[in-house]
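For Asp201, the entry in TrEMBL reads active site, proton donor/acceptor. According to TrEMBL, the active site, proton acceptor annotation covers His315. The annotation Mg(2+) binding site is assigned in TrEMBL to Asn7, Glu42, Asp201, Asn203, Asp314, His315. The compositional bias 'Basic and acidic residues' annotation in TrEMBL covers 459-470. Under the heading site 'Transition state stabilizer', TrEMBL lists Asn203. The feature site 'Important for catalytic activity' is assigned by TrEMBL to Asp289. Residues or ranges marked as site 'Interaction with DNA substrate' in TrEMBL: His315.
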Amino acid sequence: MRILTWNINGIRTIPQYHPWNTLKSHDAILNHLNADIINFQEVKSSRTALPAPVAAPPSYDAYYSFPLTKNGYSGVATYTLRPSANNPGVTALKAEEGLTGQLRQPHLKPPLLDDERVSRPEAYDYDDQFELVDLKSLDAEGRVLTLDFGLFVLINVYCPNDGSSEEDTSRFDYKMAFHRLLESRVRALIREGREVILLGDINACAAIIDHCEGDIIVRRGAAQGFGGDKREYFWVENEARRWLRDLLEGEKKCLVDVVRRIHPERRGMFTCWNTKLSARASNYGTRIDYILVTPGLLPWIKAADIEPSMKGSDHCPIWIDLHDELWLPEANAAIKLRDVMSSPTSGQIQAKDRETPRLATRFWDEYSGKQRLLASFFNAGGNSESALSLLDATTSQLATSLSSTLSQSSAHISSPTHTSTSSPSNSFKKRKTAPSSSSSPATIPPSHSSIPQHKQKKQKLEKDLKDVKKPGQSKLSSFFVASSICRGESNPKGSMNSTVRPTRTISVQELAETETNIVIDLTSSDQRDGAVHSVTEEDNDEDLRRAIQLSLSQTNSSFSSSSSSQEAWKSLLKPPEPPKCLVHNEIAKEFRVNKPGINKGRSFWVCSRPVGPGYDKGRSERPREEVDSRWKCNFFVWSSDLGAKHSSTGK
């Protein structure tokens, strides 16, 4: 049997990575992980946003815990393999959310009874230990799922991160209160005689070897004058580290770090990396994900390891394998794992005969058949008749409404405007107004009745312009070439197109002084000579008039030859040379700001070397004596500032 844990950093993140993006369903992803019990942390979703294939996959029973108030934040999930013909599966005996026994989820009706909980009611009495702490707030962020499998109680946990600052330590206080409550819950189960598996994202390092800068932290303490064992400073600096070490070592120890027990000397066995720094490539990370077990379970442990090559999150999966059977010398017999994974009060119960706890997602109303989804009314099958009747009623209402609207519109249709179609050039001439109302009415399609007459004229003009044969795409420079007509020069090729004839030509001065709007065709064959083909006094559009004045205001300027223009454009559009960092004199690497704010979209350059122990974070964060120049330096420059001289690499 394999038990796996993984902080996935969002349930929607995994399918974006290989090989998960080659799998067609969430059930296929779970099967690819090849574990009997799969535990996720930081699912970042909510019940309403969780897709049905994710919430209730066919091969697994799923258990979810969401925050009570913050959607898309925190959250944990546990999947247990269902029994099948090829696999006996594993079914939990009991399941509950939280640590306090006081959590009441609105979707669980009725609430869990005492015999449905993992422990007796008195085991959740923490009032004497947490007098000044709001226990309900520690359970409000969806961080814990507890499942009873008979042989052991499994606690899937996502511990809070240390998001405090020097000015505000409230979040760190919350984190430590959560740690102490978690420890109390584990010790209470041990007092009941239960074996415990505590796994997930603990958000703390247990030993110096578990931190990429553990040795630097120790040297920093010695430089600050820390007395005694200088290695002790690693745990003194951070209270969460000291709490975790006390669970694993010393007089108060009650759990065993299984992965470290099997690989005691392995360095760089990290499980979390900062993806913003591309730290995974250089294995600059920490080990904050653990599988901890009580000593009584150690004989069952067959193997344990991490999977750093498995992508999909800023964390990597961790797993342990349990023996299928264990030899008992005192009994001179073998005992099977599936036989001992039974209720301690009900004797041996096969997994296929157990009832799944009510906390499972398949008992949610939307998946249990108590609540019908909207999509079910439009699916083929038993509901097809009701769906057709609903569609027929809707169609009938729409037809009645449309007919009424058209009848009302037809009563207000005015006479059409009479225009001449004898020549395309006529469309460029000034239109006459519509005849008087005494003219005989004509039938006009209803769709045109609501369009004002000046808009109809404009649409007609645009259509006529499109009908004129165009020789090809114009060059940008042609819009700025001085017009030969405006300069008083003749056009040897004929100043007008054979199809479109101008009504008159105007000068730039006249164009600038006129208050009447004009329309100019810039797409005919002699456009390259800058000729004004046709001008018509049409629609009083102030924006168009100003645009034409601006485009023709360059009559006295001259442009260079085609080759020199191309060189000028190339020089203008050529990207700047990549800068080199000042420490290593190596070409820097470009990034772009994606975080919302005033700098979003701006690009910048930083040192291209990877991060590592002692890389230069800047003088404010890294003392100069701790800097290791083999790794990334603090070079930084905005792309927009590349033309300026920089005297330093940053603050």
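Note that Cβ sites are derived from N, Cα and C of the backbone, with glycine treated the same way.
Because TrEMBL annotations are produced automatically, they should be read as predictions rather than curated entries.
Other than the site residues Asn7, Glu42, Asp201, Asn203, Asp314, His315, same-chain residues with C-beta atoms no more than 8 angstroms from the centre of those residues' C-beta atoms, the Mg(2+) site, are Asn9, Gln41, Tyr158, Cys272, Ile288, Asp289, Ser313. Counting other Cβ atoms within 10 Å of each Cβ, the recorded positions Glu42, Asp201, Asp289, Asp314 show the lowest value at Asp314. The local packing around His315 (active site, proton acceptor), expressed as other Cβ atoms within 10 Å of its Cβ over all shown chains, amounts to 24.
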